[in-house]
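Colleague: Handing you a structure now.
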Amino acid sequence: MTTVRQRRVGKGTEAAEDQPSEEKTVKPDGKILSGGKLWNILSITVGGIVAISLGLLTSVYVATLHENDLWFSNIKEVEREISFRTECGLYYSYYKQMIQAASIQQGLHGLVYDNKTESVRTINILERMNVYQEVFLSILYRILPIQQYLEPVYFYIYTLFGLQAVYVIALYVTSWLLSGTWLSGLLAACWYITNRIDTTRVEFTIPLRENWALPFFAVQIAAITYLLRNHLQPVQERLTLMAVFIATFLFSLTWQFNQFMMLIQALALFILDCFDMLSTAKVTWLYIIQLSGLLLVCALQFFNAMILGSLLISFNASVLIARTIQKNLKKGSLLNRLGKLILHVLLVLCLTFLINKCIKKILNLESDEHIFKFLKAKFGFGATRDFDANLYLCEEAFGLLPLNTFSRLSDTLLFYIYIFVLFFMTVAAVVVAFRNLSGSNQVQFTEKMEECTITLKPDVAYNLIHTVLFGCLALSTMRMKYLWTSHMCVFASFGLCSTEVWKLILKCIHLYTSQRTHVIKYSIPIITLLYISYKFWPGIMDELSELREFYDPDTVELMNWIKSNTPNTAVFAGSMQLLAGVKLCTGRTLTNHPHYEDKNLRERTKQIYQIYAKRSPEDVYRILRSFGTDYVILEDSICYERRHSRGCRLRDLLDIANGHIMDGLGENEPDLKPSLYPRFCEEIKKNLPSYTLHFTRVFQNKTFHVYRLAKHK
């Protein structure tokens, strides 16, 4: 297994309070001096410099952590490649393949007609996977005159670390736009850095798709925040829409889960539009941008059926259709509007599922069925014995968000402040939504609320619903927490630096004055920044000074043996995670891999994994040979797994799927039966004749056992 060990010695106005009117001094001769305008320019310049500086510092910070953790500059090429674990190694292998190709054209041909990723099958990598970023980066590396100065792997990882600068700047700008002061952006960026464990994992999962996509998602949110501001000029609006489209397109192109994230975003827009909190025209444009961006990606991915069958396309189309059927939704009394609203929601939902069902029926689409099986089992709609669904359910990353996450976020005061801001903003949103639905007839209610002057700007309303919905997603699925925690930094810092938030609070407790509001909105964020600096700066310095090195001799030995002792055309079977490394380090053909968004691959993986089930040697041999397997790699860490509890070990999932009783003490479902055969991965090591007839051990170390399959006629 890959481990890390201690290194041995020796080797605007600050965006001007929502753009207040400029301070102008009138001279006796009638000339106007605009001191406020000069101050705006100075403040925006300083804020911009701070944003860029923080973004670059974050990039250097995560790059340094990566170097210190692995001693990346000193280890061998094979060790660098092994450090790209599981699916990260698979994605990086296509970048390496494009770099090593004789020409760009041959490299692209190799991806479109790939027969090494899945044995006995030719697949289109550009259709199946989101690897256009690897293609673009490899072409860029080939055409730029940097080959003699920078190794391909460094060009790759520095690009990803550079995107972290874009990410932090986008978060900074979003917070600045919401609050009207760049102090808010500074606080958001500091929280992002000090909560790094919960806001990013880029330093140890560099090629992961989310590390490419989330910076573009943050840019899209910043552009939407600006778009939703009132009183934009037509030119500003058109340019912002273009920025939203480009960011949406790049986000969709770089991550296979884009459709699910944008579906949540579309739901946020739908909710706000229903309660009349956003401009219907702008919401319509955002729906169209989502659709067009996703369809463009679909075309680039050779009309990937999973994209066409996505719920996002069905939902957005349904909303646009429902609007043409139901008109005058925003007119009438409270009860009248509530009735229309309920009918509208039901109509949109029915149309969504109808359109989605029809598309999947026409395309015969089953690629995403494992996701819905997983969701069904996760939320308690019946137990399942489905191997794929259980594989997800048993992974910690797809479980509930651990409670210690909140403890870490509270140490930096982020969680406390976030909850404080969320509470007041939610109350404001409920009041405004009720007022909008009630209409102008509810004079008494409006007068009662006048004391607190509760308002909610469209950009704030969007970010509120965004953080609530993505918070729900993160709470239910730990892997998605990075979408929430980064936006949590934005939302909490906005609330702490917002004139509107403090004005609302102070008016409701009858303590409001303009001066008091300004003192609070600047003093509390500054105190918070000082606290964060005092408490976490020493820890960050210690972290940067801690030196470790990559250490995984067993995997290195395995990869070197494969390269030296097997033909280039050899086909390898084994676990998905290990085979991704085999492809990257050796270029050998695989039977299966970690990119799980294909029904045939999922079936194939389940069959290959019978090497860890209770099956006869004849059955296992027949299965492996049906996929053209020449060598099979068995891992003790899977065969004798202790990481998961009983019922969640890979061998248990296979036993349940095969209808067999699980190993060890504990209950079994009544219809499970004992297997007629012992566990294959254990029994093969005894070298019994029934096994040696089909399998010959050719390599072993403390972790891995490699067997060559006999080629019977």
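Each Cβ is built from the backbone N, Cα and C atoms, and glycine gets one as well.
Taken from TrEMBL, the feature compositional bias 'Basic residues' covers 1-10. Per TrEMBL, region 'Disordered' is recorded for 1-27. Under the heading transmembrane segment, TrEMBL lists 38-63, 176-193, 213-232, 238-255, 267-288, 294-322, 334-355, 413-434, 460-478, 484-506, 518-537.
Let's see these features in context: how buried, what's close, how far.
Modeller: Tertiary proximity for the transmembrane segment (238-255) is limited to same-chain residues at least six positions away from its ends with a CB under 8 Å from its CB atoms, namely 130, 132-133, 209-210, 212-213, 216-217, 219-220, 223-224, 226-227, 232, 261-262, 285-286, 289-290, 292-294, 296-297, 300.
Sequence-distant contacts of the transmembrane segment (413-434) (same chain, six or more residues past either end, CB-CB distance under 8 Å): 191, 195, 275-277, 406, 445, 449, 454-456, 460-461, 464-465, 467-468, 488-489, 491-492, 494-496, 501, 504-505, 528, 531-532.
Away from its own ends, the transmembrane segment (460-478) comes close to residues 174, 178, 221, 224-225, 228, 264-265, 267-269, 271-272, 277-278, 378-379, 396-402, 405, 422, 425-426, 429, 432, 484-485, 487-488, 490-491, 494, 500 of its chain (Cβ-Cβ under 8 Å, at least six residues beyond either end).
For the transmembrane segment (518-537), same-chain residues at least 6 beyond its ends with a Cβ under 8 Å from one of its own Cβ atoms are 181, 183-184, 186-187, 190-191, 194, 411-413, 417, 493, 496-499, 502, 506.
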Colleague: Please figure out which one of 176-193, 213-232, 267-288, 294-322, 484-506 racks up the most CB pairs under 8 Å against the transmembrane segment (334-355).
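Modeller: Looking only at 176-193, 213-232, 267-288, 294-322, 484-506, the most contacts with the transmembrane segment (334-355) come from 294-322.
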Colleague: Between the transmembrane segment (484-506) and the transmembrane segment (176-193), are there at least three Cβ pairs closer than 8 Å, leaving out pairs fewer than 6 positions apart?
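Modeller: Since 3 or more Cβ pairs under 8 Å link them, the transmembrane segment (484-506) and the transmembrane segment (176-193) do come into contact.
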